Amino acid sequence: MSKISKILAREIMDSRGNPTVEADVYLESGAFGRAAAPSGASTGSREALELRDGDKARYLGKGVLKAVAAINVNIQAALIGQSALDQANIDQIMIDLDGTENKEQFGANAILAVSLANAKAAANEKKVQLFEHIADLNGTPGVYSLPLPMMNIINGGEHADNNVDIQEFMVQPVGAKSFREALRMGAEIFHALKKVLSSKGMSTSVGDEGGFAPNLESNADALAVIKVAVEAAGYELGKDVTLAMDCAASEFYDADKGIYDLTGEGKQFTANEFSDFLGELCKEYPIVSIEDGLDESDWDGFKYQTDLLGDKVQIVGDDLFVTNTKILARGIENGIGNSILIKFNQIGTLTETLAAIKMAKDAGFTAVISHRSGETEDATIADLAVGTAAGQIKTGSLCRSDRVSKYNQLLRIEEFLGDKAIFNGLSEVKGQ
């Protein structure tokens, strides 16, 4: 009864008004699962391929009808009759059927949508919550924790139309005793920040991930204004709330000149100088996590940054590792970074995602579960964070339903777990 009887895919819209892939998986028992693939703006060059149609007369070339057809024809034919409970087999069949290193034939967006929809159908077949099923697949049944959220309240870089070079400035409500309390603290800081920006005559429009996107004189000014907002909300920076940044440094790295060009404030740095610059910010503010602090290919620079800051700051690889165990293994071996950002669609299947999380944890790295800037109402990453006891999640600000849907799912899971809901807070962050 757990066998797949039908798979149906369609083109839907993501939070940026671009098409993406949604898949439905039906089982013989009547159980059902639905999932949608997200999409990134600042992407690593080694990510699995997101298949787009390229027809400029339709959605400016961003249609996904080819990926939809791959599901409805090729993938469906290969998976009908297979047990949805064997996630590894389902994913491997799709990988083999695609036959390429980076899933370029069918697209990681097609394969991922089916992979996640299958997991949801299997959870429904077992009559368990999705996070419970994920824990079973992970080999850690019954081991759950609610993640510490990294809340992106100021957007810059590729996620906003402003002059701020660093892509994300985030708050972590480490003083909270539960996820529910952490969410409340984040929301209060978000609203306090809006008042602070308004009082300074700054824009309170939001970026792709729901954070504010004001023009500022420097990247450090973003940290300064967040400090004011934290205090205005009644919290103490460094005690109740810590800070995190996603530099997305590949986006402002000039490979020809070998420099990091912060055009918004007219400063240029070598790799080591930029790491030193980040180190000075960490001395001035309680920054406990830095993501993609250098270009994805700057491994020598990342080694310096890890040696400089890694004993006290979480050095997260996103574009650096792209949820890929082969690349992560190299980082572990060479002492590059101490944490990996986990994005389903960088690798393309749930099974490969779980493998990356396991490899990271086994090596003493942390794993931060993450959304993409182009999202949908699909909240699977909330269940992934709890079901793998990852400890941290990055899913945007405290507005836009494409972001809040993940927070709301975490609230439901916390309620479901009741007294068994574990929230470890700051101790989940590497180096803290």
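Any Cβ shown, glycine's included, is placed from N, Cα and C.
According to Swiss-Prot, the feature active site, proton donor maps to Glu209, an assignment based on sequence analysis. The feature active site, proton acceptor is assigned by Swiss-Prot to Lys343. For Gln167, Lys343, Arg372, Ser373, Lys394, the entry in Swiss-Prot reads (2R)-2-phosphoglycerate binding site, with the evidence type sequence analysis. Positions annotated as Mg(2+) binding site by Swiss-Prot: Asp246, Glu291, Asp318.
Sequence features, as recorded in Swiss-Prot, placed on the structure.
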{"residue": "Gln167", "record": "(2R)-2-phosphoglycerate binding site", "DSSP (3 states)": "coil"}
{"residue": "Glu209", "record": "active site, proton donor", "DSSP (3 states)": "coil"}
{"residue": "Asp246", "record": "Mg(2+) binding site", "DSSP (3 states)": "strand"}
{"residue": "Glu291", "record": "Mg(2+) binding site", "DSSP (3 states)": "strand"}
{"residue": "Asp318", "record": "Mg(2+) binding site", "DSSP (3 states)": "coil"}
{"residue": "Lys343", "record": "active site, proton acceptor", "DSSP (3 states)": "coil"}
{"residue": "Arg372", "record": "(2R)-2-phosphoglycerate binding site", "DSSP (3 states)": "coil"}
{"residue": "Lys394", "record": "(2R)-2-phosphoglycerate binding site", "DSSP (3 states)": "strand"}
Fill in the blank from the handout: Cα nearest Ser373 ((2R)-2-phosphoglycerate binding site) among recorded positions (Glu209, Asp246, Glu291, Asp318, Lys343) -> Glu209
Problem - Residues within 8 Å of the Asp246, Glu291, Asp318 Cβ centre (excluding the Mg(2+) site residues themselves) - result: Gln167, Glu168, Met245, Cys247, Ala248, Ile290, Asp292, Val316, Gly317, Asp319, Leu341, Ser370, Lys394
Handout entry: List of residues, in chain order, with Cβ under 8 A from that of Lys343 (active site, proton acceptor) and at least 6 apart
Key = Pro38, Gly40, Asp318, Val322, Thr323, Ser370, His371, Arg372
Practice task
Out of the recorded positions Gln167, Glu209, Lys394, give me the one sitting nearest to Asp246 (Mg(2+) binding site) by CA distance.
Solution key: Gln167
Problem - All-chain count of other Cβ atoms within 10 Å of Gln167 ((2R)-2-phosphoglycerate binding site) - result: 29
Exercise for the section: Fill in the CA-CA distance, the residue listed as 'active site, proton donor' to Glu291 (Mg(2+) binding site), as an integer in Å. Expected result: 16
Completion exercise
Cβ-Cβ distance under 8 Å, sequence separation of 6 or more, same chain as Glu291 (Mg(2+) binding site); the residues meeting this, in order, are Glu168, Ala244, Met245, Asp246, Cys247, Ala248, Val316, Gly317, Asp318, Leu341, Val368
Practice task
Tally every other Cβ atom lying within 10 Å of the Cβ atom of Glu209 (active site, proton donor).
Solution key: 31
